[in-house]
Amino acid sequence: MPAKNARYILPFLVFLASCAGYVAMSDVPQEVEKVDDGVTLASVRVVDMKPTSHQIKLTSYGEVRSFETTHLAARVSGTVIKRNPKFAIGGLVKRGEVLFTLDKGNYIAAVSESEAQVVAARAVLIEERALARVAARQARKMDKKRVTDLFLRKPQLLSAEARVTSTEAALTRARSHLSNCVVRAPFDALIVSRNIGIGQYVMAGTQVAVLDNIETAEIHIPIAGFDAEFLPNDLSNLAAEVVLKDITKLTRREGKIVRDLGVVDSETRMTNLVVRFDDPYGLNSNHPPIKFGSFVSVAFDGKKLKDAYRIRQDLLRDNLIWVVNSENKLESRVTNILRQEGEFVYIRGGVKSEDAFVLSVPDYPKKGLTVKAIRLEAFN
């Protein structure tokens, strides 16, 4: 008997649950409003937007490289007698710092010899000037027709003066050769390679090392076509921020754009810009080093968009946006997309000052449909 009653009780309980659910759903408020004539209005969330100016930020990526690379050569011949311990692969040296020294013996002797020749030549010049003065006094007592340049010792005087000039030039050259026995860094440098050692004899013109200039670093950054149209007209010395990101920290440096490479890459079809920043290895500052070969990001200001609206990308479909006009009616407007940044787009055109952007478009929007506009202050 109980089992028989259960067959009738269970459907009855299901019916009661359905009725309760219907009543509960009927109590949920709907986003509609009835006006006096009984017409139901859909409620839409809107926001009043004003055109603003927007500074475009462009970002690209590239590899840090040396501003210049120098193949250092010996200017004189000689035996290496001393070498800076930092003059090794990976070493960092400052501008003017001694890299290595060649044996100076022969060059010191050459300087002494040249100095002696200069003294001798000057003595001859003094003697010739004295003889020329004597000849000039004698010539005043003689018939002018008999007085010649040779008698006045003019050729001898010119020869003595030329000899002094020649020996002084030789002395300058000898001193230069002596100073070139000490080889110094031409700039703040990273030693890339070294081809000499203590006791090695090098010939003048022999390549002894390869140095990377670390006073300035360069980054070649590609600019895609959709960003190229937002490049400023004048790129020279435009400020840029260089950022190196690793696991634990960000390293930031201030740089500048120095030039456009002037060509479009045949493979990527991108424009390439050159960015420079100073002291990449922090040799003259407390900055953490950004080593050559590091992959960094570069950010800089592009053009400024004027009279543009910023809206969420999902509110734009096929260049159409929905607005509520001053009469609380829905309207669709065709607009121009200026730029997309993340989930937002910047548009211009097709919007009137009294329009409000629709944030919650009805399922079946219709132009001219009267709606209840629920105004919000802004959207994120």
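Yeah, the Cβs are placed from backbone N, Cα and C, and that goes for glycine too.
Please treat TrEMBL annotations as automatic predictions, because they have not gone through curation.
Keep in mind that this is a model prediction, so the values were computed, not measured.
TrEMBL annotations:
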DOMAIN    70-209  domain 'Multidrug resistance protein MdtA-like barrel-sandwich hybrid'
SIGNAL    1-23  signal peptide
(Q) Could you give me three numbers for the domain 'Multidrug resistance protein MdtA-like barrel-sandwich hybrid' (70-209), the DSSP helix, strand and coil residue counts? (A) 64 helix, 31 strand, 45 coil
Q.
Across the domain 'Multidrug resistance protein MdtA-like barrel-sandwich hybrid' (70-209), what does the mean pLDDT come to, as a whole number?
A. 94
